Structure formats: structure tokens, C-alpha cells
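Read through the structure below, which is laid out as C-alpha cells, and then see the notes.
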Amino acid sequence: MNREMTSSFLLLTFAICKLIIAVGLNVGPSELLRIGAIDVDGHFTVHPSDLASVSSDFGMLKSPEEPLAVLHPSSAEDVARLVRTAYGSATAFPVSARGHGHSINGQAAAGRNGVVVEMNHGVTGTPKPLVRPDEMYVDVWGGELWVDVLKKTLEHGLAPKSWTDYLYLTVGGTLSNAGISGQAFHHGPQISNVLELDVVTGKGEVMRCSEEENTRLFHGVLGGLGQFGIITRARISLEPAPQRVRWIRVLYSSFKVFTEDQEYLISMHGQLKFDYVEGFVIVDEGLVNNWRSSFFSPRNPVKISSVSSNGSVLYCLEITKNYHDSDSEIVDQEVEILMKKLNFIPTSVFTTDLQYVDFLDRVHKAELKLRSKNLWEVPHPWLNLFVPKSRISDFDKGVFKGILGNKTSGPILIYPMNKDKWDERSSAVTPDEEVFYLVALLRSALTDGEETQKLEYLKDQNRRILEFCEQAKINVKQYLPHHATQEEWVAHFGDKWDRFRSLKAEFDPRHILATGQRIFQNPSLSLFPPSSSSSSAASW
């Protein structure tokens, strides 16, 4: 052990001993000191600023709780060594992978007894994206940001097929949930476009998995909320990247007509169609004041008051058509053909044209504006729901025209998806209907705003929305779920619960991983540690 390593080890030992004395941890000193002795190519840190940086998330809804230490890995084996230490200790301690910290309810937290693995690429020498143009895929580190995956694949004229609206999220983070945006109706979520994974299980094994190898783990990890393993590598399917995007928004005053048009657009299999279908709700004139307003400009103003509506709610359909510079005349004709089939308010067409990369990265530009006004790092009591098609009209009446009370405090997305684009073998949960909607209430709380913008008001409104769905027997499923009890989790997973629990017992029997999800009890104290641990290491 060289001088630098010795210094780091002593610092870590000192910090751990201080914590033992100060808070009376359940984990024994001899077990904790093993953390500092783990031989990794990356590094551990207990620096106060590093601990603080991983103790909160984008949601800012939980009181910060600093972990024992943070691991900055440089390889999957670094992650595996830490997890093997946790798994083999007399008293197992939590290990949580953290990507870009974009969770809402502390899902990536490890607690004061645990260690956070900082997966975000760039801190240490983790592998760079490796594009295979001939085979149309890219291999990426689990902590790579999607925006960097995009930049790398575009060098080869390629891009992933399915996206999220915001690109500053990690690959492992979105694949542990699903990863959805307006392309999901056609390509499915991001988890439907994965060819292969390397995963560090809760036993510290590095396992390669795909449709052909370790299939049960492969499907379990996709949408598995980090419960069975930490994704260290993903092989993502690619397609030829377009150069430009025709971006169109149109308004509706009738919810029925709005949803009929959306459902028509996602049903056009094998036909001329738009490449992206989303939508959002306008319950006040906040459309031009939220982070999705970058589409509009003084040259393309939105005069909501000039559009008549029956009541206070309008609906905006958002669609795009991808194309190459050489196809500009063709795209005009295609858009005209597609638009003729829709029944929007004729005077409400807003169109812009931009580079493909600029469209995909549109939310980040709005983020920079909000950051400049100190409006980004505020509490985000987001609520994301999958609503079955058969009950979306009831949801509109009860929530959009009812509970929300003509105030948004942020964007409200609504768009349909096709269930047959989701692999039922994954751990992701969707309603039991062939078409279902995402309804995403992406609100921000302000301490010095109106009462309807305060955190407690918005949290109470979320509670009322969930209560309304339960009382009205609208079988919604939470996306990016957060539940308080295991009974609620059992209800959430439904028919998938038995398999989910079985996977946990097989791949993380001591409940070490992703304890911040609060699905299972904290790391098992009753299971005696194994006498030895094996590792079927995979490399790439």
C-alpha cells in the first residue's frame, strides 16, 4: 500500500471510527474497516463535500442523510469488490448506485450505514462508449449520460432509438426504471432496446446477461429499480440518425378529440407516421412560463386567450417528423398528409424546424434558464402515473378539470403508449390494457410563491390524486414508483410480485442493493454470511 493509499485508508478509518462513536451504528467496526481495505482501481472518499453531494437528489423531498463513504469506481470489478465485501460481512451494509441524482424520493440513498457508488462517468477512468457501426449497437458504461451517448453515436451517423425527454440522466438509471419519451409508442421504452448487460449482483458477481445468457437476470434488471444488480455496461441498439426535426404543436379544447387523435397517431403501424408523439395539459396560461416553452418565441407567439375552449383546460399535441437535409420537400408533403387526418383547432398550429440533436436536448436549454433564475434546485414533488386508456376520460374530469383547480406549478405531460412495445418479462409494471397513458405532473415547489406553489400544497394534491384514482377504481400504476409499505409494493407489482421477490432472493439475498427504494427490509441481519464468494467476471 503506497503512501497515498495509506493516507486515504487512515482518513477513512478515522472517519468511520468517529461515526461509530457518534451515532452508535449497528455495523461493527471490524466490518466497516474492511471498506477502507478494499483494493480498487478507482477510489473511496469520505470528504464532507463528497458525502453531502450524494445525500440529496433532484426531488429534494427527503432530509439529506450522508453515507459512510462514496466509491468512485473505474470498472465493474471495483463495484463488485465493494458489494462482495458487503455481502460477506457479518452485518451486511447497504450499497446504492447513484447516477446523476435525478431521483425524486431518495431512491439512490444508502443511508448512514451504507456506501454510495458514484456511477456518473467522468469522475474516474471508466470505459468510454464503444460504437460498433457494422453491428448497429453501442456499449456504454452504466454511469454514462445519455447526452454523451448521443454525441458519440452521432459521430458515426447513428443514434439510439428510444429516449427520455431529458438527456442528463445515466444509462443505468433509466434502464432500472424504463426510460420513456415520445418515441416509446413506436420503439418501446429504452429497456426494449437493450441487447446485453453486465450486472454486479447483490452477491458481488459480475454477470453478463442477454436474451441468450442469464435471461432471467437480464429481464429482471430491466425496470427492476436496482433491486437485483448494478448495471455497469449496457449494449444499446442503434439506428441511422436523422439530421433535422420538424416540430409541431397544435391545440385542442376537447379532451375526447385530443385523445382520439393521439391514439390514432400511435396506431399507424407500418404506415407513414410521426416519429414522436407527446402532449400536455394547459390549465392556465403557464404554458409559456414552464421548462417546455423553449419551442415558442416572439416570432412564434402563443395566444392562449385567443383560442376558445369550453372551460379552463386546453390540450396540446406535440409531434415531430425526422428527416435529412436532402428530404426537405418530401417532409413537407408527409407532414401535410398526416396533419389532414387530425382534428385540432385550425388556428393553433405552431411549427419550428431544428437540428435533431437540438430537439433531443431541448429540456437542457430550459434547465440552464431556470438555473440562472435559481429555479432549478428547488423541491420537485413529481408524480408520474400510467393510466389505462379506458379510464383516461375519468382522470381528465377528476384531476385536470377538478383537483388541479386551474393551477399547474409545472408541466403536465399526457401521451399514450402501446403495451405490445413493452416486454412483459421485464420488471417494469404497466396497466392491463393494450393502450395506456403516461400522465406526468412535473411540478416545482417555491418557498416564496403563492400558496398553490408551496411544497406541502403540491404534496397534498398528489395524495388527493392518488386517493381519487383509488376511490374511482382507476387502476393506475406509478412510473418511477414510490410506496410507503411492502403491501403497497405488492399491489404495485401485482402478478409480477412473486417473480420479483424470487429474483431478489436469488441475486440479492441479503437485501444490500438499492435500499432507498424501500421495497424490502434493510440489509438482512439474520442470514449468516457465506464462507466464500465467487465472481464470474465479464470484461468489455
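Along the chain as shown, residues are numbered 1 onward.
Backbone N, Cα and C define each Cβ position, glycine as well.
Model, not experiment: these values are computed from the prediction.
Swiss-Prot lists A97, G99, G101, S103, Q107, D165, T170, S176, I180, I231, Q517 as binding FAD, and of Y264, Y437, Y457, Y479 the one it places in that same site is Y479. The distance from the Cα of I180 (FAD binding site) to the Cα of H102 (pros-8alpha-FAD histidine) comes to 15 Å. The separation of N406 (N-linked glycosylation site) from G101 (FAD binding site), Cα to Cα, is 31 Å. H102 (pros-8alpha-FAD histidine) and T170 (FAD binding site) have their C-alpha atoms 9 Å apart, to the nearest angstrom. The separation of Q107 (FAD binding site) from N406 (N-linked glycosylation site), Cα to Cα, is 31 Å. When Cβ atoms from all protein chains are considered, those within 10 Å of Y479 (FAD binding site) total 20, not counting its own.
Residues within less than 8 Å, Cβ to Cβ, of A97 (FAD binding site) and separated from it by at least 6 positions along the same chain comprise V79, A108, V116, V117, M119, G142, G172, G226, I230, I231, L513, A514. Within 10 Å of the Cβ of H102 (pros-8alpha-FAD histidine) there are 20 other Cβ atoms, across all protein chains.
Binding of FAD is attributed in the record to A97, G99, G101, S103, Q107, D165, T170, S176, I180, I231, Y479, Q517, and the widest Cα separation among these residues amounts to 23 Å.
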